[in-house]
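Have a look at the structure below, then the notes.
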Amino acid sequence: MSSASVTAFEKEHLWMYLQALGFEPGPATIACGKIVSHTHLGVNMFDKLNRDAFHIISYFLFQVLDQSLTKEVFKFCWPPFDQKSDTEFRKHCCEWIKRISGECGSSFPQVVGSLFLSPGGPKFIHLMYHFARFVAMKYIKSNSKNSSHHFVETFNIKPQDLHKCIARCHFARSRFLQILQRQDCVTQKYQENAQLSVKQVRNLRSECIGLENQIKKMEPYDDHSNMEEKIQKVRSLWASVNETLMFLEKEREVVSSVLSLVNQYALDGTNVAINIPRLLLDKIEKQMFQLHIGNVYEAGKLNLLTVIQLLNEVLKVMKYERCQADQARLTVDLHYLEKETKFQKERLSDLKHMRYRIKDDLTTIRHSVVEKQGEWHKKWKEFLGLSPFSLIKGWTPSVDLLPPMSPLSFDPASEEVYAKSILCQYPASLPDAHKQHNQENGCRGDSDTLGALHDLANSPASFLSQSVSSSDRNSVTVLEKDTKMGTPKEKNEAISKKIPEFEVENSPLSDVAKNTESSAFGGSLPAKKSDPFQKEQDHLVEEVARAVLSDSPQLSEGKEIKLEELIDSLGSNPFLTRNQIPRTPENLITEIRSSWRKAIEMEENRTKEPIQMDAEHREVLPESLPVLHNQREFSMADFLLETTVSDFGQSHLTEEKVISDCECVPQKHVLTSHIDEPPTQNQSDLLNKKVICKQDLECLAFTKLSETSRMETFSPAVGNRIDVMGGSEEEFMKILDHLEVSCNKPSTNKTMLWNSFQISSGISSKSFKDNDFGILHETLPEEVGHLSFNSSSSSEANFKLEPNSPMHGGTLLEDVVGGRQTTPESDFNLQALRSRYEALKKSLSKKREESYLSNSQTPERHKPELSPTPQNVQTDDTLNFLDTCDLHTEHIKPSLRTSIGERKRSLSPLIKFSPVEQRLRTTIACSLGELPNLKEEDILNKSLDAKEPPSDLTR
């Protein structure tokens, strides 16, 4: 290979190495302090002597090799401007290249100082070529990442095979060309983007210049001459606007008020009321010294700053609560919701179906109600002759049927609604308890002085735990409780009504009664308004009572009035419209006489039977029915005895009438005082009343036996009563338990009499006796409002009695009381009665302990009766009265199973009367072995001899 070709190869590769190392001729020339136009750089730069190129190329290669060392070595000679710096520069270059030649060895050419004096020619090109090649390998070795030692060594090894060298050269050239092509591609794209960017910048600048020109054109000219005119014009326009607003101010206020625009944006807080929750208030109070919050209202105005602070605290609390709630977020259970939705839909469909069924059933029920109501009205019309509601309507508006109720509401009623209600139109009158108590004490004081006759006639033995020393105190308690039934005026009216006409005329009893009334009650009660209807009614009732109680000839002297006519006149009173049914049937007299005569015959037959104490009759309840039959018989006998004894003396008669009338005569104001009685009744009084009533019922046999021993000639029914009672003492104990249970059971098969509530005030509701009433109790009520609507299909049981009822064992009132005209046979013997009395006394003393146990061991179902609650006291005193009336009907005989015809043929309840009630209410208890006073018996016998002829006594 010729030297010329080698030199050309080295020159070309030298320039390529320089370009590969990043040599740039322009900046390198400026950094050397040379002029670019005077410096010659390129492939042929060292063909001739070129010191500037030598300085620039050599300094660049040294700087690429080690920049810090280059600055330190050429610190004082770079750039070379003079000869000295040039010489020093050449010296340092020669030394550094010699060290490189020593490192490379034989592969690097020999370094001679003369080469640097004239930098040019083939030798210098050969040296610079190897120097550039060494720097390139160092650069590749230090800066290339994936360069290997083998790749670097290939440049240092001298080629042994020319073909291998040419192949390696071609391979390296191809790779180098690829790299250059990539760089060229990137450069071209960069230049294109640069050209586009330059064009865009130019366009934007041109647009900016155009917009600036437009702004300059739009800016107004600064014409100072017209400025003042414009200001004056604006001021005049503003003044005209203000004048228009002032002129339309009122119209604007009206429009604003209509559109609710007044004070729409006012923030003064005058009409704002802030309610701070308790949670926020507690938190602020705890942090009062940290928050420094002022008052919400200052000088009557709202403090907006405090409100804003409170709102901030509220936001903090809400944020805290939200953070607490977000920790456990709610999970939506779609399966559960779908299941619940399906269940609710099914339930809704079932409810709709049920509603349709109810609508269908409602029509049937309404038709049934209409039919039953028609049957009920028809039934009432058959027995009463008219509809029961006609008795109420038009009589007292307060008891009229109320209109249908309005839908239930929990809102309080207005005053207008309350003013229109029945409760406001007819208010309840509450009596004064103290005045009533004083009146009762006054009445009790008059009756205490007349107790001798009742001590003889009413002295039952006590089967309960009562000692002889406490008998007087207990009897006084009975009188105090049982005489709370009416006003003194009513008692005196009862006295005047019950005394027969011949006794009033022939004895000074009426004067005594009048004096007692005028002295005790003359000034205590207000004058009552005279009612002609009431006076006439009282007169007719008095006439009927006299006709029943006695057959005195004085009634027929100049007065040929039949009992039927008197009773019919009650229904055909000229003062009375026929809104009320006649209370007494037309065949009253025939029923009374037929039933009482049969009862007398049964009494005579039963008196001949001996006393029997059968164990089976004492244990089985149905076997004890004759006891209750004789109970009613005995009540009729007592009634006869009482009316007969009334003839014995003035003092005795006065006492008898006062006490009996306090209990039995119908009173006008008893009902009101009974209903208005306060419910806070003393429970101990009720307990004593019930215990004493039980004593009276159990001791009835002994009491009537003692009476019979003195007055056996008065009535044949007394002896029979003693016989029966002597053999059924234990049966009375069992019946007592059944009666207690039945008194507490509400009977739906009862209909209250017109005067039931009036009589209930004078008769103990806990007394299990024969509560039948006589003709004296029959009256037309003043207050219809206390009628009972608890009637059912069997409600006529109280109006009619069966032929087998206990009244068949009673005694005919007319035949016994009017014994002066008829003389039935008597088989009684005083000695036989006394022997029976002794036997009965022994039998009762044996059973005394059993009676203690039976009365003390009260069943659990009877215990609530001994301690009634205050709420039930009033109801028991009123309603148990009817229950005791129907005890015989419900528990002794199958009255509800009898036919309607049998009930019509039986005795009317209007003539049922039980003086046993009167006697037991005012009884003064005595011990079991105490006998009646013989002196009192003699007094009775003497008075009897004075009043009655011997023929009457033998009857």
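For all residues, glycine too, the Cβ spot is worked out from N, Cα and C.
Candidates Ser387, Ser459, Ser507 were compared with Swiss-Prot; the annotation phosphoserine appears at Ser507. Looking up Ser496, Ser742, Ser792 in Swiss-Prot, the residue bearing an annotation of phosphoserine is Ser742.
Swiss-Prot marks one residue of Thr584, Thr869 as phosphothreonine, namely Thr584.
On the 0 to 100 pLDDT scale, the model's mean across the coiled coil (188-219) is 91.
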